[in-house]
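S.K.: Here you go, one structure.
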Amino acid sequence: MSGLQRITVLGATGSIGLSTLDVIARHPERYQVFALSGYSRLSELLALCVRHSPSYAVVPSAEAAQQLRADLRAAGSATEVLVGEAGLCQVAAAPEVDAVMAAIVGAAGLRPTLAAVEAGKKVLLANKEALVMSGALFMQAVRRSGAVLLPIDSEHNAIFQCLPGDFSRGLPQVGVRRILLTASGGPFRQTPQSELAAVTPEQACAHPNWSMGRKISVDSASMMNKGLELIEACWLFDARPAQIEVVVHPQSVIHSLVDYVDGSVLAQLGNPDMRTPIANALAWPERIDSGVAPLDLFAIARLDFQAPDEQRFPCLRLSREAADAGGSAPALLNAANEVAVAAFLERRIRFPEIASMIEHVLDREPVVAVDTLDAVFTADRQARLLAEQWLSRHGR
Ligand SMILES: NC(=O)C1=CN([C@@H]2O[C@H](COP(=O)(O)OP(=O)(O)OC[C@H]3O[C@@H](n4cnc5c(N)ncnc54)[C@H](OP(=O)(O)O)[C@@H]3O)[C@@H](O)[C@H]2O)C=CC1
Ligand SMILES: CC(=O)[C@@H](O)[C@H](O)COP(=O)(O)O
Ligand SMILES: [Mn+2]
């Protein structure tokens with residue numbers, strides 16, 4: 001290990017942010033917090049600043065900054081407060097920073113994550129939406145800047161661990177036949193289609209195995225999470241969608257597998273606790289304690305596998321179609337999904353209407369090439385507009 005690593009945690013008040021800080025706090029000799037960001041949970045951000053003494057905290061507005069500054073001074077903290085996207089990009093790219101945990105949820109994380117990439121940082125990528133939206137541009141920026149991109153998403157971290165170190169030569173060149181992307185199936189894995197219209201946000205957010213933020217929990221319930229992860233895996237591992245097979249594995253113990261041409265299938269297993277992939281990426285290529293208990297195979301006893309049901313979970317089909325279409329299609333898919341999930345969480349639409357809204361947007365907006373970030377955000381805006389129109393046309 002070479003010296004103390006200074007870390008920026010974007011999205012520190014969220015589920016991934018808190019797990020990251022838990023791992024960091026176990027290794028004060030290795031890691032120091034440089035900056036933390038929050039959005040709505042600002043009293044939690046204050047407590048995190050007091051606990052971890054970052055140089056900077058970032059909040060969304062001038063009013064929030066004024067309040068946090070006053071609270072920090074009262075608590076005797078020297079943390080400086082920055083504002084908005086410019087503040088996020090500043091702490092992501094600051095010369096003092098060694099690694100950035102990108103854990104803002106949704107499209108809001110794209111510019112700050114790209115700022116870290118463009119500054120050549122070690123980027124720990126949880127914010128899958130950023131890569132889904134801007135895949136080709138994002139990966140070009142990684143190659144141009146020499147940033148080290150490490151996947152945090154449990155499946156992608158598992159795949160990363162099961163691939164050889166030189167996988168960027170190309171999957172066929174390193175003997176990979178296909179990637180097996182595991183899916184828990186979510187809370188509605190066994191729910192009949194006829195009952196899905198009545199499910200509530202609380203039921204959707206009650207993931208059987210993982211404790212996560214509300215947006216990704218709904219994505220898991222609709223299996224859009226797996227669709228986004230399919231696209232994420234294509235970019236991270238330079239794979240075609242056809243090289244990736246989704247396998248429903250209800251226990252979430254195997255986090256994904258890599259199938260090699262000689263018939264070997266390598267898997268990564270572990271308890272469903274995000275501190276494992278976070279510790280793996282923070283310390284990579286070394287290994288550190290994450291606080292996660294050892295896997296008890298006798299207690300788990302069995303591992304099950306099923307094919308996904310695209311009839312009940314159309315978001316998976318829509319994602320594969322967007323992955324195949326390329327260009328602006330994944331950005332349209334992602335933006336429509338963000339609007340639909342927010343509407344479902346606000347009880348404005350029923351659960352199956354998430355997929356209806358996304359299909360509506362994808363059917364109406366032509367797919368175009370995206371050569372610039374502006375083109376990505378144009379697609380994002382257009383999809384949000386169409387999704388909002390769907391809501392008002394349906395009286396929601
Ligand atoms: N949770 C998990 O186990 C996993 C998560 N991921 C991915 O990691 C990312 C984070 O997920 P998770 O931690 O569950 O989500 P949470 O909702 O728990 O946390 C999201 C974080 O982003 C902040 N945030 C929300 N909106 C904005 C915005 N508009 N601008 C700036 N910051 C914002 C939140 O601040 P505040 O809370 O203060 O409002 C919070 O810090 C997602 O992309 C998700 O898909 C991937 C794999 C697993
Ligand atoms: C922890 C993690 O990586 C999540 O993305 C998790 O995979 C969600 O589970 P499913 O989408 O498989 O239900
Ligand atoms: Mn995942």
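Cβ atoms are placed via backbone N, Cα and C, with glycine included.
What you see is a predicted model, and the numbers here were worked out from it, not measured in a lab.
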S.K.: Suppose a student reads TrEMBL and sees Lys128, Ser154, Glu155, His207, Ser220, Asn225, Lys226, Glu229 listed for 1-deoxy-D-xylulose 5-phosphate. Which of Ser168, Ser184, Ser194 should they find annotated at that same site?
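M.R.: TrEMBL names Ser184 for this 1-deoxy-D-xylulose 5-phosphate site.
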S.K.: Relative to ligand 1, which of the binding-site residues Lys128, Glu155, His207, Asn225 have a Cβ found under 6 Å from one of its atoms?
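M.R.: If the test is a Cβ under 6 Å from any atom of ligand 1, the answer is Lys128.
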S.K.: Tell me which of the binding-site residues Glu129, Asp153 sits in the most Cβ-dense spot, judged by other Cβ atoms within 10 Å.
M.R.: Glu129
S.K.: Cβ within 8 angstroms of the Cβ centroid of Asp153, Glu155, Glu229: which residues besides those meet this for the Mn(2+) site?
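M.R.: Apart from the listed residues, the neighbours are Lys128, Pro151, Ser154, His156, Asn157, Leu181, Asn225, Lys226, Glu232, Ala233, Ser256.
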S.K.: Would you mind splitting the domain '1-deoxy-D-xylulose 5-phosphate reductoisomerase C-terminal' (149-237) into helix, strand and coil residue counts from DSSP?
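M.R.: Residue counts for the domain '1-deoxy-D-xylulose 5-phosphate reductoisomerase C-terminal' (149-237) by secondary structure: 49 helix, 11 strand, 29 coil.
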S.K.: Out of Ser15, Asn127, Asn225, which of these binding-site residues shows the lowest number of other CB atoms within 10 Å of its CB?
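M.R.: It is Ser15 that, of the binding-site residues Ser15, Asn127, Asn225, has the fewest other Cβ atoms within 10 Å.
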